[in-house]
Amino acid sequence: MVGAGVLSLPYAMSELGWGPGIAILIISWIITLYTLWQMVEMHEMVPGKRFDRYHELGQQAFGEKLGLWIVVPQQLVVEVSVNIVYMVTGGQSLKKFHDLVCTDCKSIKQTYFIMIFASVHFVLSQLPNFNSISGVSLAAAVMSLSYSTIAWGASVDKGKQENVEYGYRYSSTAGNVFGFLSALGDVAFAYAGHNVVLEIQATIPSTPEKPSKKPMWKGVVIAYIIVALCYFPVALIGYWAFGNAVQDNILLSLEKPTWLIAMANMMVVVHVIGSYQVYAMPVFDMLETTLVKRFHFPPGLMLRLIARSVYVAFTMFIAITFPFFSGLLGFFGGLVYAPTTYFLPCVMWLAIYKPKVGSLSWITNWICIILGVLLMILAPIGGLRQIILEAKTYKFYS
């Protein structure tokens, strides 16, 4: 559950301000926990049948054809966008690690670091399937907990900076409004575990006496408590220490103690290597199925080698062209995370259970849907503007 999105939370706070920032973090935590509960409940709502994929749930709610068209494109964009953002994150953290460890070395372009990071994936993506995914997940979980703790611990250690400012981040009204919108997307990106929750639940054994939703819900609650322990300290303490001067990735703002921050950056790299593969797996699956069924490619090693390498190269190219961590988060967070995380489960719930108009369930779901739709429309505008502004002053491939 804890993604690399946590690193951008202090920056999001600086665009939102203290009051709205805390409110939005808490509201997002509650809404996403509620929609997660809905998905856990809906996993086995038809006796004897389990919905192991997001799109199967979509088909149950909206019909065979429409369900696929509503869910699959969104999931694809979610998976591809995570891969692009993680390419940028991996490259940034490698560069920061290099700069911290070797202060006298010649400066190397970020582009090359993203290429170095991608080279790992050209190899890893050739693994046929992840039976040992639990090992990768465990490593990733330990890493994300560790670097979150280092991020806020080092901020406490550094203390409040001199002349720290908490006012509006930008001088113009437009800047502040669009910054606010982009920050909403940053927060949405951080709460993004819903795309894999059904797949995880599918691995839990289930009987009519002991349905899988009971242990699954316990797991979700524990995960969410850990999420709160990671996200809130990082967001609040990071913003408290640096104020408006905080960078879009908190680990880039911190310098000392050198060995600790270097270690944290390396942890981020290890974490995003694992996460990249987890999110890329379903895409590879879809790619290869389409190539074999639609275009009659012979299945086998050659197909895997070419299809997966092309995909890795594609995400690398986009990441090198637009290496704007916060802008990308705001844009994708609003565009594709808002639907799958904030309101799609609510729409399915209304379509399947049809609660009485005006009942508590009906009202709650509609509130989530309205907030989610607003987020989906507004956040990408802020994110896109940020990308355009950064691209103006940025020398491509520098």
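Note: Cβ is positioned from N, Cα and C throughout, glycine not excepted.
For 1-382, the entry in TrEMBL reads domain 'Amino acid transporter transmembrane'.
If you look up TrEMBL, you'll see 16-37 (among others) marked as transmembrane segment. Within the same chain, residues 9, 166, 168, 180, 183-184, 187-188, 190-191, 193-194, 197, 217, 220, 224, 227-228, 231-232, 235-236, 239, 341-346, 364, 368, 371-372 sit at least 6 positions outside the transmembrane segment (16-37) and bring their C-beta atoms closer than 8 Å to a C-beta of that stretch.
The annotation transmembrane segment is assigned in TrEMBL to 220-242 (among others). Only residues 6 or more beyond the boundaries of the transmembrane segment (220-242), in the same chain, are considered here, and those with a CB under 8 A from a CB of the stretch are 1-2, 6-7, 9-10, 12-14, 18, 21-22, 25, 29, 33, 36-37, 40, 144-145, 148-149, 151-152, 155-156, 158-161, 164, 166, 190-191, 193, 197, 250, 253.
Sequence annotations record features per position, and here TrEMBL assigns transmembrane segment to 262-284 (among others).
Marked as transmembrane segment by TrEMBL: 305-325 (among others).
Non-local neighbours of the transmembrane segment (331-353) in the same chain are 5, 31-32, 35-36, 38-39, 42, 45, 54, 57-58, 60-62, 70-71, 74-75, 77-78, 81-82, 84-85, 181-182, 184-192, 194-195, 361-362, 365-366, 368-369, 371-373, 375-380, 382-384, 386-387; each lies 6+ residues outside the stretch with a CB under 8 Å from one of its CB atoms. Per TrEMBL, the feature transmembrane segment maps to 331-353 (among others).
According to TrEMBL, the feature transmembrane segment maps to 365-388 (among others).
Among residues of the same chain six or more beyond the transmembrane segment (365-388), those with a C-beta under 8 A of the stretch's C-beta atoms are 27, 31, 34-35, 177-185, 188, 322, 324, 326-335, 338-339, 342-343, 346-347, 349-350, 355.
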